[in-house]
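Asker: Take a look at what Swiss-Prot says about it:
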DOMAIN    22-75  domain 'WAP'
DISULFID  49-61  disulfide bond
DISULFID  55-71  disulfide bond
DISULFID  120-150  disulfide bond
DISULFID  124-143  disulfide bond
DISULFID  132-161  disulfide bond
REGION    167-194  region 'Disordered'
COMPBIAS  174-183  compositional bias 'Pro residues'
COMPBIAS  184-194  compositional bias 'Low complexity'
DOMAIN    193-286  domain 'Ig-like C2-type'
DISULFID  314-363  disulfide bond
DISULFID  323-347  disulfide bond
DISULFID  339-359  disulfide bond
DISULFID  380-404  disulfide bond
DISULFID  396-417  disulfide bond
DOMAIN    421-550  domain 'NTR'
DISULFID  432-501  disulfide bond
DISULFID  443-550  disulfide bond
CARBOHYD  503  N-linked glycosylation site
């Protein structure tokens, strides 16, 4: 036992003798502390390092998915600091966080192995105090904003809340000819998402690592999600800081595929949304086997020197027969006018290509896919007002072009854009109707409130409305009166924003809102009640509630 203790002391002595500048930084890499923090440790391939000394004092040099090392925020083990200090302290001298300053917003001091270190705060109060931040998001309170700033390693500030009460595209479009707009301060004007540079198409060998960066810009900062296009399985929405098999979405919205397999080939779509609009950009990945010796035989053309090719091959039926090992290749779809992946059993078909670029160069006519390209601003600052066709909204929209490194989905006028791309013609909207009489609706609803709409967030086919509560008329499941709730967030899970029901996009008066509660969340369905309130209608509802009309109706139904 004495020899074991002596061995421990001998092992600890060299580390204690090292100066602060020679030792590793305090803490551990996120994935060493908790496997669920793996993505955070892999969050970037850009801040390369060789040791902890290349990073700031609150960071560690950790492994990333690119096979290199990157600086990331160090982590400490919750509740372990006292035990570590009790075992490792010397001379009984008290070490504390007093006077130790954490410069990163949202970081707090804790003891780690007897030394004060900074860590991101992970506990915030439950009292709501909605805080609008400079990243365009609204946080439950300021503590949550500070914690997010620490996790991202950035600075966030509280800003004046901006409420978006109208449809993203309801403002009148600029008239032709469009005058060149003057650049404006991004903090004072919203702008729909645009790409800084055009999407890149990539090819990798089996087992390789590739990454796609959706360098989207916009105000407020767009939220980035990824989807892999597939006709054979349901599409999965991939969000930041998540891992899907061998695919990782980093904290900056970068998609990384490591140990690439043939089934990873395909088109990965980046979807960027903010309150001003939505954008989609497609990135193609082709995974080829080392057995395909001829793949890079013609580096100048980038095409393999294989079988003879005929233009008729592009319209040939896809051969999916079973002739051996399953493979994933590309084919040209004449109906969609673009290239896509398909799985086959190794049979030699005519409409079959190893890579997206081979398929595109062989079959896709010049200008055929222009209308599916995203809006690209480019790195220059010679601002021009241009128009592009948005394949998600199916209409031409204005964007700000920097003057260089764009693409062909950029037109000088709206008329030119409409003539080149198939613009969607909106159908006339029918008036929204709720089911039954107002008293029946009141009694069948889980909640009924009178509130002022303060914020409306619109997604592609869903949304969220925030109300400032003025009266709680009925509440069966949420305890709004018990907790003295002042704000209520209501989910809109099924909305056609071209003809929304209930239509609250243009209403700025106090509303009478009735809906249901599912899993603790307030929800408005297409047939739910949401209309401006009148004193007369409100008086009748109060009278009905005082007389317990809902209880009477329930007994009659039973």
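Note: Cβ is positioned from N, Cα and C throughout, glycine not excepted.
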Asker: Roughly how many angstrom lie between the C-alpha atoms of residue 404 (disulfide bond) and residue 417 (disulfide bond)?
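Answerer: The separation of the Cα atoms works out to 19 Å.
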Asker: Run through the domain 'Ig-like C2-type' (193-286) and tell me, per DSSP, how many residues are helix, strand and coil.
Answerer: 3 helix, 51 strand, 40 coil
Asker: Measuring CB to CB from residue 120 (disulfide bond), give everything in the same chain under 8 Å that is also at least six residues away in sequence.
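Answerer: Listed in sequence order: 73, 104, 106, 107, 108, 147, 150, 151.
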Asker: What is the interatomic distance between the Cα atoms of residue 143 (disulfide bond) and residue 443 (disulfide bond), given in whole Å?
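Answerer: Distance (Cα to Cα, whole Å): 39 Å.
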Asker: Distance between residue 339 (disulfide bond) and residue 363 (disulfide bond) at the Cα atoms, whole Å?
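Answerer: That separation, Cα to Cα, works out to 8 Å.
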Asker: Out of 347, 417, 432, 503, point to the one nearest residue 359 (disulfide bond) in space (Cα versus Cα); all of them are recorded positions in the record.
Answerer: 347
Asker: May I ask which residues of the same chain, at least 6 positions away in sequence, place their Cβ under 8 angstroms from the Cβ of residue 432 (disulfide bond)?
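Answerer: Sequence-distant Cβ neighbours: 501, 502, 503, 526.
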Asker: What are the non-local neighbours of residue 124 (disulfide bond), defined as same-chain residues 6+ apart in sequence with CB under 8 A from its CB?
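Answerer: Residue 124 (disulfide bond) has long-range Cβ partners 140, 141, 143, 144, 147.
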Asker: What is the separation, in Å, between the Cα atoms of residue 363 (disulfide bond) and residue 71 (disulfide bond)?
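Answerer: Residue 363 (disulfide bond) to residue 71 (disulfide bond), Cα-Cα distance: 45 Å.
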Asker: Could you give the Cα-Cα distance between residue 443 (disulfide bond) and residue 61 (disulfide bond), in whole Å?
Answerer: 60
Asker: Taking only the Cα atoms, work out how far residue 396 (disulfide bond) lies from residue 550 (disulfide bond), in Å, as a whole number.
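Answerer: Rounded to a whole number, the Cα-Cα distance is 50 Å.
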Asker: Provide, as an integer number of angstrom, the distance between the C-alpha atoms of residue 71 (disulfide bond) and residue 49 (disulfide bond).
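Answerer: Pair distance, Cα basis, whole Å: 6 Å.
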Asker: Select the most exposed residue of 61, 150, 363, 380, 417, where exposure means the fewest other Cβ atoms within 10 Å, treating these as the disulfide-bonded residues.
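Answerer: Each of the disulfide-bonded residues 61, 150, 363, 380, 417 was scored; lowest Cβ tally within 10 Å is 380.
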Asker: On the three-state reduction of DSSP, what should I expect for residue 363 (disulfide bond)?
Answerer: helix
